[in-house]
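According to TrEMBL, the protein carries these features:
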| type | residues | note |
| --- | --- | --- |
| ACT_SITE | Lys11 | active site |
| DOMAIN | 68-146 | domain 'GHMP kinase N-terminal' |
| BINDING | Pro96, Val97, Ala98, Ala99, Gly100, Leu101, Ala102, Gly103, Gly104, Ser105, Ala106 | ATP binding site |
| ACT_SITE | Asp138 | active site |
| DOMAIN | 201-272 | domain 'GHMP kinase C-terminal' |
Amino acid sequence: MNKIQLKSRAKINLSLDVLGKRPDGYHEVQMIMQQIDLYDIVTLMDKRDTETIEIITDCEYIPRSNGNIAYKAAELLRDHFHISRGLEIHIDKRIPVAAGLAGGSANAAAVLMGLNKLWELNLSTEELMKFGVKIGADVPFCIQGGAAVAEGIGEKLTTIKGLKNVWMVIAKPSISVSTAEVYSRLDLSKITNKPKLSTLLQALKDEDLYTLCKNMVNVLETITEKRHPMIKELKKKMVEYHALGSMMSGSGPTVFGIFKKYEKAKAAYENLKVINKQTYLVQSYSKGYGDE
Ligand SMILES: C[C@@](CO)(OP(=O)(O)O)[C@H](O)COP(=O)(O)OP(=O)(O)OC[C@H]1O[C@@H](n2ccc(N)nc2=O)[C@H](O)[C@@H]1O
Ligand SMILES: Nc1ncnc2c1ncn2[C@@H]1O[C@H](COP(=O)(O)OP(=O)(O)O)[C@@H](O)[C@H]1O
């Protein structure tokens, strides 16, 4: 095999709580992660006439050098296993960049999963996830896929029953947010509204979208919202267009709305697209990765 193609899916956070700060600067989190069917296409091509790793993409917002996290993922495996072959990584970007949707982490996860096959490394999912966390806190979840409670810095995962084929509208305002900056602005002593994990997990088990939507909380939301009032406006609009609930994903600025019926989601999508260009109509995704 000398070529492999994977869908590299985005995630949203159905809840996000920050429990503390570690000595290394990272934060202890507790969050519900849910993959969605919004994806980049990552193609890996084995190159035997060179030893270089090359990123090929039309997207002007991501690095083509070793600053690209997909490059870092390939470099990590190549150096660890002393692989003396080259690689082309083609990234067809559809997930908005720096959005709180883990697009970069999903690309890195796809590279690790793909190279495991292309270079016949025979690593288990757990082993791939250990390499993944060296690249980014969200990478292990992107390898596992589906839905999970993520703890630690995001790498300790418990698989849960997530949302099955639920319609959502995803709206990314045309502003970029730095995850590191959002975490650094968070004052742990000032968090008043925290998500109730057990209530949310029960709602997911019961497929009770109303209770889920009523109880979704992201403690990073107020931080990003303060700088970008557009987030609050988008959430308000989502609800006006009949979303059962709406929240910011991750460190933002993307806002998602959850809908009971496709028709309502479609109407909200059509309306929001007029005022916010990067708007998507998608379903939640409940399976893991695979060659596609
Ligand atoms: C907020 C979340 C929620 O899913 O997602 P995004 O908004 O990035 O999608 C994650 O916690 C982001 O994970 P990820 O984006 O992979 O983080 P990394 O690249 O490892 O770290 C970027 C920076 O964020 C901060 N960081 C990240 C994770 C964490 N648990 N605590 C932190 O303090 C650190 O300052 C770190 O330098
Ligand atoms: N393959 C990649 N895809 C997306 N962003 C990348 C990639 N490699 C590096 N980056 C950089 O990582 C940062 C965060 O990107 P991304 O993963 O899309 O956002 P988030 O962590 O908010 O979900 C951006 O500034 C981007 O330039």
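Positions of Cβ are set from backbone N, Cα and C atoms, glycine also.
Keep in mind that TrEMBL annotations are predicted by a computer and have not been checked by a curator.
The shown structure was predicted, so the numbers you read here are calculated from the model rather than taken from an experiment.
A map of TrEMBL features onto the structure.
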residue : record           : Cβ contacts under 8 Å, 6 or more apart
Lys11   : active site      : Met33, Gln34, Gln35, Ile36, Leu101, Ala102, Ala106, Asp138, Phe141, Cys142, Ser249, Gly250
Pro96   : ATP binding site : Gly103, Lys172, Thr254, Gln278
Ala98   : ATP binding site : Tyr61, Ser176, Val177, Ser178
Gly100  : ATP binding site : Asn13, Val177, Thr179, Met248, Ser249, Gly250, Ser251, Gly252, Pro253, Thr254
Gly104  : ATP binding site : Ile62, Asn68, Ile69, Ala70, Val97, Gly136
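Around the Cβ of Ala102 (ATP binding site), a 10 Å sphere holds 29 further Cβ atoms from the protein chains shown. Mapped onto DSSP helix, strand and coil, the domain 'GHMP kinase N-terminal' (68-146) counts 43 helix, 7 strand, 29 coil.
Taking the centre of the Cβ atoms of Pro96, Val97, Ala98, Ala99, Gly100, Leu101, Ala102, Gly103, Gly104, Ser105, Ala106 as the ATP site, the nearby residues of that chain (Cβ within 8 Å, site residues left out) are Ala10, Ile95. Mean pLDDT, taken over the domain 'GHMP kinase N-terminal' (68-146), works out to 97 on the 0 to 100 scale. In this view, Asp138 (active site) is surrounded by 28 other Cβ atoms within 10 Å of its Cβ, with every protein chain counted.
Proximity of the binding-site residues Pro96, Ala98, Gly100, Ala102, Gly104 to ligand 2, judged by a Cβ distance under 6 angstroms to any of its atoms, singles out Ala98, Gly100, Ala102, Gly104 in sequence order.
Counting residues of the domain 'GHMP kinase C-terminal' (201-272) by DSSP class, helix then strand then coil, yields 41 helix, 10 strand, 21 coil.
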